[in-house]
Every structure is written in C-alpha cells, then in structure tokens.
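J.: Can you read through this structure? Questions will come right after.
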Amino acid sequence: MRNFIWLAGILVAAMVLAIFATTPPAPIGSDAPETEFSAGRAMEDIRVVAAAPRPTGSAANARALDYLSARMEALGMDVSTQEQPLPDRAAGGLLQNLDVVGEPRPTGDLTMTNLTGILRGTDPSLPAIMLMSHHDTVVASPGASDDTTGVAVSLEVVRALRAAGPQRRDVVVLMTDAEELGLNGARYFFEEDPLRSRIGAIINMEARGAGGRTSLFQTSAQNGEAVQLFADSVSRPAGTSLSVLVYLLLPNNTDLTPALTGDYTAYNFAFIGRPGLYHSPMATPENLDQGSVQDMGAQVLALTAALADTAELPGKAPDVAFFDVFGLFTLVFAPWWGWLFLVVGVAGIASASSASFDVRQFFAGAWRAAGLLLLLVFTMWVLNMLTGPGSGEFAYYDRLAAIPRMEWMALMGSLAAVVMVLRNADKGPSGFAGFALVPAALGLGLQAMYPSAAYVVTIPIMFAGIAVAAIQFGRSAGRIVAAVLAAVVVGYNISLAHQIMQGVGPDLPMAVVLPVLMAVMLLIQFWPKLPGRTTWLMAGGLLLAAVAIALWIRFDAPAETVANYAVSEDSKSK
C-alpha cells in the first residue's frame, strides 16, 4: 500500500510538471503595456490577413500584401517589394493544386512578391536583425497559423520595439512569397537580393498545426553563443538541442534552409500542436490557439530585443547541448558534460549495490530492461500497423489529425508492456543495477555519436544513480530524494513523449520507447507488487484499449481537417 501512495504522488507531480511544460502561456489582450507583446493585438492582423486562402498569384494574396505594406508603413518602416517570375516547377505545382480543388487559374504570368520593411536603428553600420515569415498559403487554406501567425508576430514585435525606443541595429522584416511551392521567395532573397549582405542574424517563424508551445527547434551551426543569448534573454523558453539534431537528420525544410548556407546567426521557431489543422481548410483565426501566438511573440520579442541592442552579435562557438527545464529556464552546457552525468550515475548505482552484489539479480535486471525495450518496440510497431497505411498526401494529413488518439494508443500500449514486465521486478540494488545497464549502454552510444542530444539518457542515468544511492544510504530521507528525482524525470519524459508523438508519431510512434524506458528506470523503486492475476488483467485491459484506439483510427471516416487538394487527389480512400 505504501508503494501505491509513493507512486501516485510521483505520477501526480510528474503530470503537473508535464502539463505546465507543454501548455502555452495565457494570451495577453490588446490593452497590454505598449512595450509588451500582445496576442490580442496580433490577432487583429491575423483576422484580416487570414480571412481567405492566399496562394501565390491570387487576388487574395495581392490584397494581403497591400494590407501588410500599409501596416509596415504605419509602423514607421521603410517598405519595398521584390517581384520575380515564379519558377516553372513551382508554377506547375500551383496550377495543378488549383485544378484539383476546382479553383480558377490566375491570368497572365505567374509571379512571386517578397515584402520587406526596415525599422531603422541608431547605427546603420551594424549588421541588421531579420524577422522572417511567409505570407502565402497553400490552396484552400486560410493559413491562420501557417504562416499568418509569423507575419502578425513580426508586426507586433516591431510595434513593441518601436514603443521601447530606438534599437542599436536595424530590424528587417521579410515576408516571403511562394514558400509553400518550394521556398522560392526565400531562395531568391538569399541568392540575389542585395539586402542579404546587411543581415547578421535571422529569426524565422513557422507552424505545423495551430497550437501548443512555440519551440526553438533549429539553429545555425556552431550555436554555442547563439543559444546562450537565447537562454539569457527568453524568460519562458521552449527548445532543445535534441530537436535541433532531429530536424537536421530529417528531410525537412523551411524558409531558413536557404539561409543556412550563409554566415548568419539563425534561429527557427514553430509550434506543432493541434496538428490536424496543418494546411487545413479549417485553419481559421477562430481555430488558432492564441496562447501559441503569445508564446511565439513573447520569445521572439525578447530575443529580437537582445539581438538588436547588443554591441556584437553571437559569433561561432562550439555547439552546445540545451533544453528548457519545464519552460522555466534554459539549461545550456557543453556536450562533454554527458560523460560526467554517466560517471555520476554509474558511480551511484555501483556504490548502492557493492555491499551485497548479487550476480544473478544483476543479470535478471538486465534481461528485464532488454525485454521491456524489445516489448515496447514490438507493441508500438504492431499498433502502428493496425492504424492503417500511412503513405500518400491524404494519409499524411489524416494521420496528423489522428495524433491525439495515437498518443492515447501509445500510452495504453506502453503501460501494458510496463505492467507485464515489472510484475516481479527486483527493487534491490543489484537488480536495479542490471536494469540500468541497458539505459546506460544506450547513453554511452548516444554520447559517443550525438553528444548534444544524449542528455535525454545521461541525465536520467545520473538521477537514477543518485536516487538508488539515496534510498540505500539515506533510508526515509533518501526515499524522499528519490521520489523528487523520479517526479522530475517522469514529468520531463511525459512532455518529451508528447513532443515526439506530435513531431514524428504518425510515422514513428516507436520513438516514444526511449522516454518510457527512462521514466520506468526511476519508477522501479516505487513500483507496487501486484497479484499475478491482477497484473495480467491490467495489462490485457490496457492492451485491448490500445488496439481499440488503433482500429478506431484505421476505420474512422476521413478527418474534416485534411487539406482539400490531398482529399481530391487520393479520393478519400484509406
């Protein structure tokens, strides 16, 4: 009974931490102080600009450009446009999508138009700061989030900077065109626009959804000084070096991609919650989470103000490991610290088990961890197969809409595996040392190959070593220490699993195996012993629930949010 109470307390605390970490701040109304970012004020622009879809070359896009140009001029900016022919490949893709959804083709030659505004600083000789977003949308989507939010945030940030007084550096606002057709406006700017040579730092804003925390998910290379400035200037941050690595490894692109070939200090921000609204006809201002707008704006304003007023922009420095601690602050450290985390963790585990080391219990614990890892991977793979095929544009958008259900599916399936494997878990120090051997081996491999992202394993290993040593030598007080550490690790890994499922869940739900394993490692000491029959009933019920959710996803009707051109192309068949 005592372990039930400990476990319940840890899980409640962990959920509170995870919810806080993944929930955007409350939006601030239009009556906010002039120097603060206000989602209420930004929403005024979003409602106007996102009143209708704005594909490149459309009349709605032209009206939006006129409105945005007037808004920039009202903010005291020097405004210009750069019109260029739309590349043939992009034009062909646009016309095809217009035909698919039954929209009329534009008359005349297809062109793209970048919009640029400059808020002058006090020292024009210094490299400028650029806020970048794109003003076009896919066909048939008003794009309130992608990327009208970035456009509106740029305007509201400039307004707040102007209210705070003149900045040292010029602030350039670039709103590109034809991003949805292949980053064409950004490619033109960074290849041909003379203004590109004046830019020193870039902040790009994007969205793949319509809610959730806004996260720093990409930086320029050698980001040590750039990340430290972000950590020092943003008070409620979100961002990790893990996402920087994952984004680097995956075949994704944003308007920042063409810029990364240049010598710029660069940051990329986006939110990906409410994923079903990505490129959706339902991506309207009414369906946009205003908290996400506030989150993006507050972080971008703080970072822009710091960049615009610094004497020297962040230079090239060795890449760092970093992550936000439940959105409270950003922890930045050299990647080699991971080796220290591993040493501390292994030392703690070894010291706790050395007095009465049992080889048999050690290997039983190791087999238990390996079995859990394999069972989790197999369970997630089977459940993913049950959800149905995931290829093609239609399936992509339909599965984005299913992500919330896929998260519940992954949770139920993971719990089923954990309940089965931990039914007779040895809580002794030797058994725990064996269990920790598998995560430690994973941490060793990650630290050797990807040191900037290895913290997701090396820090839990360190906390596990401290926790088991505290229990062994500190008795009741040590158990409290272990419970606090467990709540922190479990809370972080719940939020990490949520982010993983939103990011790659439709294609790779097996990725949640790592945070599940880290959480279980800290919970073993508090896991209650259940009767065998109860254990199997619980595991069976959880697995049935996971299978039911998977089949619901497979046989459910197509989501209303699916992009119209994808629905038409794939004729709504699963």
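Backbone N, Cα and C define each Cβ position, glycine as well.
Here the structure is a predicted model, which means the values were calculated and not measured.
Residues or ranges marked as signal peptide by TrEMBL: 1-21. Annotation comment: TrEMBL describes 114-303 as domain 'Peptidase M28'. The transmembrane segment annotation in TrEMBL covers 336-357, 369-388, 408-425, 432-449, 455-473, 480-501, 507-524, 536-555.
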J.: Go through the chain and flag residues at least 6 beyond the ends of the transmembrane segment (480-501) whose CB is under 8 A from any CB in it; none is fine as an answer.
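T.: Hits for the transmembrane segment (480-501): 6, 9-11, 13-18, 21-22, 215, 243, 326, 403, 406-407, 410, 456, 459-460, 463-464, 466-468, 470-471, 474, 509, 511-512, 515-516, 518-519, 521-523, 525-526.
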J.: For the transmembrane segment (369-388) and the transmembrane segment (507-524), check the count of CB pairs under 8 Å (sequence separation 6 or more) and say whether it reaches 3 or more.
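T.: Contact between the transmembrane segment (507-524) and the transmembrane segment (369-388): present, because at least 3 Cβ pairs are under 8 Å.
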J.: Given the model, what does the mean pLDDT over the domain 'Peptidase M28' (114-303) come out as?
T.: 97
J.: Decide whether the stretches the transmembrane segment (507-524) and the transmembrane segment (336-357) have at least 3 CB pairs under 8 angstroms, with pairs required to be 6 or more apart in sequence.
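T.: Taking Cβ pairs at least 6 residues apart, the transmembrane segment (336-357) and the transmembrane segment (507-524) are not in contact, as fewer than 3 fall under 8 Å.
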J.: Would you call the transmembrane segment (408-425) and the transmembrane segment (455-473) in contact, using three or more Cβ pairs under 8 Å, pairs 6 or more apart in sequence?
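T.: By the criterion, they do not touch.
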J.: Which range out of 432-449, 455-473, 536-555 gives the transmembrane segment (336-357) the most CB pairs under 8 Å?
T.: 455-473
